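Here Swiss-Prot flags Cys39-Cys75, Cys43-Cys80, Cys54-Cys65, Cys425-Cys464, Cys436-Cys476, Cys440-Cys481, Cys750-Cys800, Cys759-Cys783, Cys775-Cys796, Cys926-Cys973, Cys1065-Cys1112, Cys1154-Cys1202 as disulfide bond. What Swiss-Prot lists as domain 'TSP type-1 2' is 305-362. Residues or ranges marked as domain 'TSP type-1 3' in Swiss-Prot: 363-422. The domain 'TSP type-1 4' annotation in Swiss-Prot covers 424-482 and rests on sequence analysis. If you look up Swiss-Prot, you'll see 900-990 marked as domain 'Ig-like C2-type 1'. If you look up Swiss-Prot, you'll see 1231-1270 marked as domain 'PLAC'.
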Amino acid sequence: MQLFPLLFSLLLTSTPGSWARNVRRQSDTWGTWGEWSPCSRTCGGGISFRERPCYSQRRDGGTSCVGPARSHRTCHTESCPDGVRDFRAEQCAEFDGTDFQGRRYRWLPYYAAPNKCELNCIPKGQNFYYKHKDAVVDGTPCEPGQRDICVDGVCRVVGCDHKLDSIKQEDKCLQCGGDGSSCYPVTGTFDGNDLSRGYNQIFIIPAGATSIRIEEAAASRNFLAVKSIRGEYYLNGHWTIEAAQALPVASTVLQYERGVEGDLAPERLQARGPTSEPLVIELLSQESNPGVHYEYYLPANDPGRGFSWSHGSWGDCSAECGGGHQSRLVFCTIDNEAYPDHMCQHQPRPTHRRSCNTQPCPKTKRWKVGPWTPCSVSCGGGVQSRSVYCISSDGTGGQEAAEETQCAGLVGKPPTTQACNLQHCAVWSVEPWGECSVTCGTGIRKRSVTCRGDEGSPVHAAACLLKDQPTLTEPCVQEACPVFRGQAWHVGSWSLCSKSCGSGIRRRQVVCTIGPPGRCVDLQSSKPAEMEACNRQPCHLPQEVPSIQDPRTRSSDPRMLSGPRVSPVSDGREQQWAPLERPRAQSNPREGQDPNLSSAGRAPTLQRPPHQPPLRPSSGPRDCRHSPHGCCPDGHTPSLGPQWQGCPLAGASCLQSRYGCCPDGVSAAEGPQQAGCTRSHGSDNTGNRPGSRAVASKNPKIHQPQAHEGEPSECRSSRFGCCYDNVASAAGPLGEGCVGQPSYAYPVRCLLPSAQGSCGDWAARWYFVASVGRCNRFWYGGCHGNANNFASEQECMNTCRGQHGPRRPEAGAAGHRAHVDGGQRGPGGQQEPDWHRAGATIPRLPSPSGSPWRREQEPAPGEPPHIPAYGNRPGGQEIRPRVPGLDREARPAVPPTHSPSYRIRLAGSEPSLVQAAPGQAVQLFCPGNIPSEFQAGWQKEGRPISSNRYQLQADGSLIISRLRPEDAGIYSCGSHRPGHEPQEIQLRVTGGDMAVFPEGQPRHFPEPRNPDLGHGPPHRGTGAEAGGHRVLSPSHPRPATRLRLDRTQPGVVDASPGQRIRLTCRAEGFPVPTIEWQRDGQLVSSPRHQVQPDGSLVISRVDVEDGGYYSCVAFNGQDRDQRWVQLRVLRELTITGLPPAVTVAEGDTARLLCVVAGESVNIRWSRNGLPIQADGHRVHQSPDGTLLIHNLRPRDEGSYTCSAFRGSQAVSRSTEVKVALPAPAAQSRDLGKDCIDQPELANCALILQAQLCGNEYYSSFCCASCSRFQPNAQPVWQQG
């Protein structure tokens, strides 16, 4: 019994302690609130928070404080400035350019995710979204256009008073805490069902509407569309359905909601408002309309707004960061219709442009690669490399190099090397040799050589190495041919008679062709005579045959007319051909003049080739090729029968004669010191004349004239001539087998050197010299050669230059390459006239009397011919064409003259000078021999040229249009040429007394060809010429030039009634021509027809009666020229033949006619505002404007518009195309055994319900169901 009181007392003593501990546990208290944190946003409503500590006595680490430890409040609730980026979009943009599964995207906000406060973003152009963060930054709106915001990952309510968790809300009129009395509702249901397929207008929401809500009554295949009253679609326009999204429209945010593809759900549109412009709501109808409910609110007691400004939504920002701009349309409206802007001019006009996205751009790192180098080999497997480096981009286009370590974290550094040209190399394949070309003697045999690829198929010869190409031909030796008696002796032509009268002697060559003379004696007893008497008539009678004293003849033998004149010097200098001279007693006053220099007004005379008479008619055969049996293998002896009968055997030549060969390599000398050989031209101190026969002399060098320097290339006489290097022989007429093709922009055939061919039928032809852009003459042997061969200069220029070929640097232009020491060589190595190669013209010299032109003065007897000045070297040294037969030391010094001539300024240490006047155009050529690919680096005063008035031409020259004084300075070019200094040209812009003739438009007004001045452009000035300008000094008389009209101007001009038109007419010549315009032979003169100072005719207010032909007539007192211009007055455009509506059965062809009255009209078709592209299969558009659509389908229905355009005129007409569906069959057709449903793979009922039979993937599982039910095709979808 005593135990219970003890226990009771212990309980009483322990209870107060336990109670005290419980009291202390519950007395955990909050400390004071801390400071408010910075606001999470700078505008638009951010969140700031503060925290307080809990003081607790608990030992387990927990607390017993009741209430939140953090308090939030809104801050910076004022609206953000215009153009600031969406806050959620800024957070998504932080991941732009970062690696995401091996790719880099631009991220946009995605609002349709279930959790509104997660940072879900969607890549631009993709159809998936990704959660980048679990929570957005505090203060981010939960949905666009709404006031609720996210705080700590939870969507919190914000009242209209901008306070967190406030219950104060806006009414439908957007009044905070209002009762809705300041506006009135507009509600209704659009349930019309007689709608056409396509877009149908439902209603118009006026400007100023608030609390807009539009929703389908039930799910359907129809779509809601929104556009402005100007016809600009904001949503689902042009048959393109967009995904659910928030759209900035009419200064509010329009929230568009619909199900994804295959998920039928009613469509819904919501917007807070107020709208800044009327919005047109349409229904894109595809099936019956279940009804569309709509509700919006308008301000109450609106007295009628009258005319007022409306504006559209702001467009996209021009830059994603770093500061851009955006614009919007501002227009005047009343009663939901647009009116001209001046109707609203009494009200302030809203701004239409603002800045946007001013935040700095983030820097991103990425790898950048350079171009691949050429492959190390052309076949068989090689390697090529490229540079790969790390760069940093700032988002505005700026880039800078970065350390590779900064890109080390990026996935997949691009490779720096790769294999290339892995295909097997092509090889030469040879066929067996063919038969020999002869049955006896020596001939040739051929075989076929083909380049074949790795599979044995033939490929182009360029794929094989040309140096390894097997030979195509080789000699073959058959049995010796029988020798006939008449073929043993080779008899040459008679030489000139030793006397012209009184019995002279002449000789000829008689050679045994089969070996020693004894063999010929065995076959033929009598040897033909080698010498006979000649000219035995008395001296008062004419000579019977040509003699040394008078080589003229009436003989038709072409070999009697001229002969080679060879200098017997031992250094192998070239032969020179010239006309035979008359005896001094019969010489004309021009005797002694250089035969290669032309008289004024004539082109330079060609020098004759070897073995060739002057180019004049002759009745006799020209060479052995005209003999009945052709030529012998030596190329000059006529064959006496087939199989080279009577031809000399190999080795039986003049080399076996007693005194050896003459310098021509064919004729045998008749005595020592080349006695009996024909001399080269040029006179000597013994009185022998050119063309005379030589006699033995103790001083053989007496008759040696100066020959031209330079060795003739052996390739020139090959079958196809020389390659571009003038050393190697070409393998074909287009330079096959040649390397190092020049980089001139001319056809390939025009880049080759001249080729004389392998025959001797000499004729003058023309070839193109690409280095100067002109044509030159050369001797052609009559067969083979290459394709750079033309019958006339006009054909040559038209083929190689055409009307718009690369511009030829004019003579005198800086940088023109002067070929001074030698021109193109003719047959036998003779020089062709240098002035043709350089593109210059030998000018006429002015007479002392001051007349503009006269023929050149005759040189005094014994004096060398006078040579006009050809050009100046820097420092005054003059450059002239070489005079054949005249030694360099014997050249006379030509005194300076004021004659108008072309001069060539060679590149030197001083800059070339170009002068021009303001307003003109000037073309600068790079001085020196610089290829065009190195001329592109033009600079002025050491800085790159960037003005749009500077245009770089294809030939590397620079054109400066509309010259200004500030364009003067030092221009340099060729700076990209490795190892060379840039060339400089000084441009001086002056308005002094120098008359400048610009060549600013060379392609539109080509240089003339004056037949009186050779083949160069007309002389228009004197003095130094450079840079494409020709400067005429007023201190010297200007020469007369031929009148010509610019015929490159349009010959047909179209105009519309009421227009002002100009008919151009440009003329050049001196004296300056006057221009007049005529029509029907009468002068054109009226207040509407005015002739301008530049010669053009201006017609004001063109009328239909002004159409017709006009002639421009130019006259300068000496010449007269005219050209015709047709003026066509175009009538108004009209369209006929297109009915308002067309109904075509399904599967048939729709033929839509569009007949347009008018000329030069372009016709375009469109469907529902989108252009129609003809595919050549189902859709065709003929030139007359007819549109054909085969196999018409229901989806082809719509509004088709034919638009006709001509200049600024346009007209259009539309028609509605309806498709008549066939009547349903009474019984279902047999679908066949293969067309069945596959229920184990797809739910066909759902596919039919979702109307996905038009999808190839889904319909493949439900063939039978989709065949029985073919829904109409749906519009194009765009997801994301």
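Cβ coordinates are placed from backbone N, Cα and C, and glycine is handled just like the others.
Locations of recorded Swiss-Prot features on the structure.
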{"residue": "Cys39", "record": "disulfide bond", "Cβ within 10 Å": "19"}
{"residue": "Cys43", "record": "disulfide bond", "Cβ within 10 Å": "14"}
{"residue": "Cys425", "record": "disulfide bond", "Cβ within 10 Å": "15"}
{"residue": "Cys436", "record": "disulfide bond", "Cβ within 10 Å": "18"}
{"residue": "Cys464", "record": "disulfide bond", "Cβ within 10 Å": "21"}
{"residue": "Cys481", "record": "disulfide bond", "Cβ within 10 Å": "17"}
{"residue": "Cys783", "record": "disulfide bond", "Cβ within 10 Å": "12"}
{"residue": "Cys1065", "record": "disulfide bond", "Cβ within 10 Å": "24"}
{"residue": "Cys1154", "record": "disulfide bond", "Cβ within 10 Å": "26"}
{"residue": "Cys1202", "record": "disulfide bond", "Cβ within 10 Å": "24"}
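Each residue contributes its Cα atom, and for Cys75 (disulfide bond) and Cys43 (disulfide bond) those atoms are 8 Å apart.
The disulfide-bonded residues shown are Cys39, Cys43, Cys65, Cys476, Cys750; of these, the one with its CA atom nearest the CA of Cys1065 (disulfide bond) is Cys750. In sequence order, Cys436, Ser437, Val438, Thr442, Gly443, Ile444, Arg445 make up the list of same-chain residues 6 or more apart from Cys476 (disulfide bond) whose Cβ falls under 8 Å from its Cβ. Within 10 Å of the C-beta of Cys796 (disulfide bond) we count 23 further C-beta atoms, all protein chains included. When the C-alpha distances from Cys43 (disulfide bond) to the disulfide-bonded residues Cys65, Cys440, Cys800, Cys926 are tabulated, the minimum falls on Cys65. Listed in sequence order, the residues of the same chain lying 6 or more apart from Cys54 (disulfide bond) and placing their CB within less than 8 Å of its CB are Asp28, Thr29, Trp30, Gly31, Thr63, Cys65, Ala69. Counting other Cβ atoms within 10 Å of each Cβ, the disulfide-bonded residues Cys759, Cys800 show the lowest value at Cys759. When the Cα atoms are compared, Cys481 (disulfide bond) and Cys759 (disulfide bond) turn out to be 26 Å apart. Contacts of Cys80 (disulfide bond) defined by a Cβ separation under 8 A and a same-chain sequence distance of 6+ are given as Thr42, Cys43, Gly44, in order along the sequence. DSSP assignment over the domain 'TSP type-1 3' (363-422) gives 4 helix, 23 strand, 33 coil.
Rounded to a whole value, the Cα-Cα separation of Cys1202 (disulfide bond) and Cys926 (disulfide bond) is 53 Å. Rounded to the nearest whole angstrom, the C-alpha distance between Cys796 (disulfide bond) and Cys973 (disulfide bond) is 31. For Cys775 (disulfide bond), the nearest neighbour among the listed disulfide-bonded residues (Cys464, Cys750, Cys1112), judged by C-alpha distance, is Cys750. Every protein chain considered, the tally of other Cβ atoms within 10 Å of the Cβ of Cys75 (disulfide bond) stands at 19. Counting other C-beta atoms within 10 Å of each candidate's C-beta, the disulfide-bonded residues Cys750, Cys775, Cys926, Cys973 are led by Cys926.
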